[in-house]
Amino acid sequence: MGNTTSCCVSSSPKLRRNAHSRLESYRPDTDLSREDTGCNLQHISDRENIDDLNMEFNPSDHPRASTIFLSKSQTDVREKRKSLFINHHPPGQIARKYSSCSTIFLDDSTVSQPNLKYTIKCVALAIYYHIKNRDPDGRMLLDIFDENLHPLSKSEVPPDYDKHNPEQKQIYRFVRTLFSAAQLTAECAIVTLVYLERLLTYAEIDICPANWKRIVLGAILLASKVWDDQAVWNVDYCQILKDITVEDMNELERQFLELLQFNINVPSSVYAKYYFDLRSLAEANNLSFPLEPLSRERAHKLEAISRLCEDKYKDLRRSARKRSASADNLTLPRWSPAIIS
């Protein structure tokens, strides 16, 4: 092979641009020398440094980068608060429950065991803001996610399928159907959102009315295989979505992985950030988690869990503690004199 160019190129996802995206015509520059052309290849270490630099600004990889869905929802949240202030309406229609000395209200959602129903609602709301507040100029589209080219049902796709934004309830019903049929957990929903934002960042695409279902389906498919111990097979999704083929599911999964650059790792810090940002999104949109008064049984359970964690922490500190020897018990190796003739 050497410096020669190989004719064997791996198949990549087909790109399609909308009316807003135009490609400039390619004009070859005859003044370029041989060193400035393809023979001057970039070293792999340089590419790794660039990837590390970009990763710091990618919310799905770096815990300090703010999530995309939360930033996209800020405009709508400010408009809602402004309209409520102008119309002199209270900020929330649902009366909030506040804890007192005698009663403590807690929800049953934790970072390790989130509430399934409300987590799916929050993820659907995050996807809704992604679609609603997408780039107005339009970005690159991929054929594998186009519902007109790869329909999920045999019913005819309407001609204006890419014009109308889906409602939050429609997104919620689609995600809930997949999670209920496949018996997926709430943690899988959070990982689904991580993969979705990672896809939008890596592939530099937008989620829109034409592709949101297949993007969400691909993210759920991948998250269920990575997160759950008993992964759902592609043929199982074909039984849920009756009109889709196994070959289409396999191709969707393959191209989704390629666009993610096979980066399916989700650090615990990134997972926790997405969980708490989803809670912030729910609070800003009056989508509060169900609160229940703290009962005696639940208090004993929380106390037992805290004691267990405290005992584990003490054991770790005890095992990590270094032991020092005193001068009384200190023994040094003795060397016997050697005679060199």
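Every residue gets a Cβ built from N, Cα and C, even glycine.
Copied over from Swiss-Prot:
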LIPID     Gly2  N-myristoyl glycine
MOD_RES   Thr37  phosphothreonine
MOD_RES   Ser71  phosphoserine
MOD_RES   Ser73  phosphoserine
MOD_RES   Thr75  phosphothreonine
MOD_RES   Ser99  phosphoserine
MOD_RES   Ser102  phosphoserine
DOMAIN    143-265  domain 'Cyclin N-terminal'
MOD_RES   Ser280  phosphoserine
MOD_RES   Ser288  phosphoserine
MOD_RES   Ser295  phosphoserine
MOD_RES   Ser324  phosphoserine
MOD_RES   Ser326  phosphoserine
MOD_RES   Thr331  phosphothreonine
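Features as recorded by Swiss-Prot, highlighted on the structure.
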residue: Ser71; record: phosphoserine; DSSP class: helix
residue: Ser280; record: phosphoserine; DSSP class: helix
residue: Ser288; record: phosphoserine; DSSP class: coil
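Put simply, of the modified residues Ser71, Ser73, Thr75, the one whose Cα is nearest the Cα of Ser288 (phosphoserine) is Ser73.
Assigned with DSSP, the residues of the domain 'Cyclin N-terminal' (143-265) fall into helix, strand and coil as follows: 73 helix, 1 strand, 49 coil. A Cα-Cα distance of 11 Å separates Ser280 (phosphoserine) from Ser71 (phosphoserine).
Cβ environment of Ser73 (phosphoserine): Leu125, Ala126, Tyr129, Asn133, Leu281, Ala284, Asn285 lie under 8 Å away, each six or more residues apart in the same chain.
Every protein chain shown contributes to the tally, and the Cβ of Ser71 (phosphoserine) ends up with 13 other Cβ atoms within 10 Å. By the criterion of other Cβ atoms within 10 Å of the residue's own Cβ, the least surrounded of the modified residues Thr75, Ser280, Ser288 is Thr75.
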